[in-house]
Amino acid sequence: MSKTGGNDSKSTLYCSFCGKSQHEVRKLIAGPTVFICDECVELCMDIIREESKSSLVKSRDGVPTPKEIRRVLDDYVIGQDFAKKVLSVAVHNHYKRLAHATKHNDVELAKSNIMLIGPTGSGKTLLAQTLARILDVPFTMADATTLTEAGYVGEDVENIILKLLQASDYNVERAQRGIVYIDEIDKISRKSDNPSITRDVSGEGVQQALLKIMEGTVASVPPQGGRKHPQQEFLQVDTTNILFICGGAFAGLERIISQRGKGTSIGFGASVQAPDDRRTGEVFRSVEPEDLLKFGLIPEFVGRLPVLATLEDLDEEALKKILQEPKNALVKQYQRLFEMENVELTFQDEALSLVARKAIERKTGARGLRSILETILLDTMYDLPGLESVEQVVIGPEVVEGKSRPLFIHGDRNKEAPASVSA
């Protein structure tokens, strides 16, 4: 729709949906008799994206197919093809098992909890979070390093179930179909290979405490959290159908895997072992349950995690893609922040390569990318709101290296430029 203001010779165009004029928006798109602004287009895209989450291709039992789960994982997580395939199949089978639980009683299908093994910043946590988003089930994350046996200072393992209950708005039925991700699981390994007479309350003790809730038990949870009191009423949560995903970096596990089967010998006649020059992620692909036992996990705990998915180190190319391609890519996030100041942010390709190399040098993986970008853009984000005529900021390789400041491209902002109209 278009309106004419007073006796103006030039008509002012308005968005047919929100009513904003062409002076208030960046772009108007013209149809046969209507106009739509860029802000409304963006809002429509958000609505479509939300609806597409609930329109996943379902198999006959109402569970998303492994290929569909994998496709959505690809939107958020770059690389890690093997881990995505393992997770897609395991999660599909888990929820298919729940869908058929009451139909066939002749065969009891066991739960398949998942162990994610991969270097720091390789995407373990993001994979678990994305799975919960795809399946629209309650999700909670726990840090294994804060857990202790019941009766000791620290978090009880039952607090994990309480967090899941809170994530489901205290809907017990939904919580019982949720996903729990326990991070830093390698930090609760037994302190030595041999059982000790001293109590290991944050290592083996936590593994023992986790066994029952991972296997399936009815946990008594205080409805509003806090410590248990005798007069307090408890919510009963059955953990049998909760999917547990445990993840850890397992620093040092690659040495255990490499040494397996080689044997040891000493003396002048000893054979010289060539060092394993494979990357950590490649070595992890050969992991066996016996390696996890040597690392310090108890046999019963390893047995509760039958599905092993390993993640690889992220190389420079993968880190560059992570910066640019996912829906929540860091470059897109910062570009949106700059757009709010009506400034276009541009990264040169070589600059992104240098950012990726810095993350590899720091051994922080994808997790370290944000802090690197934050450091690069700090001064610019500090100065920009006070500058009048900046239209574009360009980040080159010299900026990443700290040798120069970003390039500011100025324009004439004295004139209020109306939104451009596309037919």
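Each Cβ is built from the backbone N, Cα and C atoms, and glycine gets one as well.
Here is what Swiss-Prot says about this protein:
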type    : residues                                                       : note
BINDING : Cys15, Cys18, Cys37, Cys40                                     : Zn(2+) binding site
BINDING : Pro119, Thr120, Gly121, Ser122, Gly123, Lys124, Thr125, Leu126 : ATP binding site
DOMAIN  : 3-56                                                           : domain 'ClpX-type ZB'
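Here the features listed in Swiss-Prot are placed on the structure.
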{"residue": "Cys15", "record": "Zn(2+) binding site", "DSSP (3 states)": "coil"}
{"residue": "Cys37", "record": "Zn(2+) binding site", "DSSP (3 states)": "strand"}
{"residue": "Pro119", "record": "ATP binding site", "DSSP (3 states)": "coil"}
{"residue": "Thr125", "record": "ATP binding site", "DSSP (3 states)": "helix"}
Whole-number Å value for how far Cys18 (Zn(2+) binding site) lies from Ser122 (ATP binding site) (Cα to Cα): 42
Between Leu126 (ATP binding site) and Cys18 (Zn(2+) binding site): CA-CA distance (Å): 36
Distance from Cys40 (Zn(2+) binding site) back to Pro119 (ATP binding site), taken between C-alpha atoms, in Å: 42
Cys18 (Zn(2+) binding site) CB neighbourhood, other CB atoms within 10 A: 13
Cβ packing number for Gly121 (ATP binding site), 10 Å threshold: 24
Which same-chain residues, if any, lie at least 6 apart from Lys124 (ATP binding site) yet have Cβ under 8 Å of it: Leu116, Gly118, Asp183, Gly247, Gly248, Leu311
Same chain, 6+ residues apart, C-beta under 8 Å of the C-beta of Gly123 (ATP binding site), given in sequence order: Val77, Ile78, Gly79, Gln80, Ala83, Leu311, Leu314, Gly365, Ala366
Model confidence over the domain 'ClpX-type ZB' (3-56), averaged pLDDT: 76
Distance check against Cys15 (Zn(2+) binding site) for the binding-site residues Thr120, Gly121, Thr125, Leu126, keeping those with Cα within 10 Å: none
Cα-nearest neighbour of Cys37 (Zn(2+) binding site) within the listed binding-site residues, Thr120, Gly121, Thr125, Leu126: Leu126
Other C-beta atoms that fall within 10 angstroms of the C-beta of Leu126 (ATP binding site): 20
Fewest other C-beta atoms within 10 angstroms, as judged across Thr120, Ser122, which are the binding-site residues: Thr120
Residues flanking the ATP site, with Cβ no more than 8 Å from the Cβ centroid of Pro119, Thr120, Gly121, Ser122, Gly123, Lys124, Thr125, Leu126 and excluding those residues themselves: Gly118, Gly247, Ala249, Leu311, Gly365, Ala366, Arg367
Gly121 (ATP binding site) to Cys40 (Zn(2+) binding site) - Cα separation in whole Å: 36
Additional residues surrounding Zn(2+), by Cβ distance to the Cys15, Cys18, Cys37, Cys40 centre under 8 Å: Ser16, Phe17, Gly19, Lys20, Val25, Leu28, Phe35, Ile36, Asp38, Glu39, Val41
